[in-house]
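Quick look at what TrEMBL lists:
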type	residues	note
COMPBIAS	A:1-22	compositional bias 'Polar residues'
REGION	A:1-121	region 'Disordered'
COMPBIAS	A:59-68	compositional bias 'Pro residues'
COMPBIAS	A:112-121	compositional bias 'Polar residues'
TRANSMEM	A:217-237	transmembrane segment
TRANSMEM	A:249-271	transmembrane segment
TRANSMEM	A:291-324	transmembrane segment
TRANSMEM	A:345-367	transmembrane segment
Amino acid sequence: TLQNWNKQNQFLLKTKQKMSSGSRRHRGASKPTRQQQGAAPPALFDDTSDMPQAGFGMQPPPPPPPPQQGFYDPSAHQAFASDPYGAGAYQPQYQPPGQPQQPQQQSYQPSFNPGQLLNNPMVNDMAMQYGQQVFGQGTQYVQENLNKYVTNSRIKYYFAVDNAYVGKKLMLLLFPYANKNWSLKYSSDEQAQAPQQQQPQQSVPVAPRFDVNAPDLYIPVMAFVTYILLCGVALGIGNKFTPEQLGVLTSTALVWLLVEILALLLTFYIFNLNSRLRYLDLVAYAGYKYVGMIAIVLSGLLFSSLGFYIALLWFGAALAFFLIRTLNFQIQAADHSSEGHKRRLYMLLFIAGLQPLFMWLLTARVLS
Amino acid sequence: DHSNNMGFGLFSLLEAGLLLLNAICVLHRERFLARFGWSSEQRDFGEPGVTAKGQLVNLVNSVQFVMRGPLIVVNSLVIVYKLVLG
């Protein structure tokens, strides 16, 4: 797979050439220019495989001094063949063995003559080794740092969604009265389950892709961003928009989300309800209200205040119903007494009652 | 309606949290909480924390025990910050 490695190397090389020549934009791919802006942090691109892939996410090594740029010249021309505007600045002068013949490219003469260094296959090998090693180091660095803060596999569970799940879940959030079965599917299957570090024997909920009742973080995150943008639009319609408002909206919404989750955690502790809900589950369930809020803001924009209140009532009730039904199976009392059951009921009602309150709080501000 | 709540930053959340913790820490067990039966010596059952009130008493006690030291530090920092930077 010399060819594959050469292909992978070329993006690295194109970046290095860009960074040193600093010239025109590459028309075909926009990704390398992202690495051009200062020291772009690695790993913006999340790939779900464990092997290092063609590197958009890797840290570019420091640009070599210009006379060495001739290193990569003949292997770099392969990607420039299809690009009429890019830095096809170097005349291909040397065909390394194993590469197919590419059509010659019309290009301008570079300002310096990129020596004949790469005619030497030993130098070529060394350059590829260097690139490979740096790439490996970059990936390793990223993985270590990321795993320090956030458990990678745990979060991946919440984003394992597909289109069918998203569609069904959105329908469920907006109209939950038609659903019959609210229980989660559990499995001890290694493939489908959420990775658990401490208790590998316990059966865990199936990934959201396989069960429409499982919580996910994709919908809340997307709904949150959409809600912020929609509030910006609503403010603009009311002629009250400034860009700072977006920041204020975002931080306010985040603060209320945090407050709600802290209140929920506190209430769980006080009522002594041991639930299987983890923190991220609570974040997911608290984040589902943004879907309703989007619909509320939209109808408030379209149908002014009557539509706003009707939508608030409808979607508030729908979300409360959805949460009560979903959490019914997941909140268990520690002691199976009547006291425990009563507390569980109060907890459910408390959670459900918070939703319309927050929905109202966060949407009334943008609709005047 | 936009002038009502002009948005909370994350810093105001931190300040609110700090004030709440202060409020929990200044509750005096013997002089104040004992009058309401909330202090920890007054309970008879051997296993604390089964009832909601037990959990709350537990929570208050633990917050007081754990947070008194760090709260002194954080409070001083915030006081200096507010004095200097307004």
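Glycine is treated like the rest: Cβ placed from N, Cα and C.
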Among the ranges A:217-237, A:291-324, A:345-367, the one whose Cβ pairs under 8 Å to the transmembrane segment (A:249-271) are most numerous: A:345-367
Intrachain residues whose Cβ lies under 8 Å of the transmembrane segment (A:291-324), provided they are six or more past its termini: 170, 172-177, 219, 223, 226-227, 230-231, 233-234, 237, 285, 348-349, 351-353, 355-356, 359-360, 362-363, 366-367
Contacting positions for the transmembrane segment (A:217-237) when only residues 6+ beyond its ends and CB under 8 Å are counted: 155, 158-159, 161, 166, 169-170, 173, 208, 245-246, 249-250, 253, 280, 283-284, 286-288, 290-291, 293-294, 297-298, 300-301, 366-367
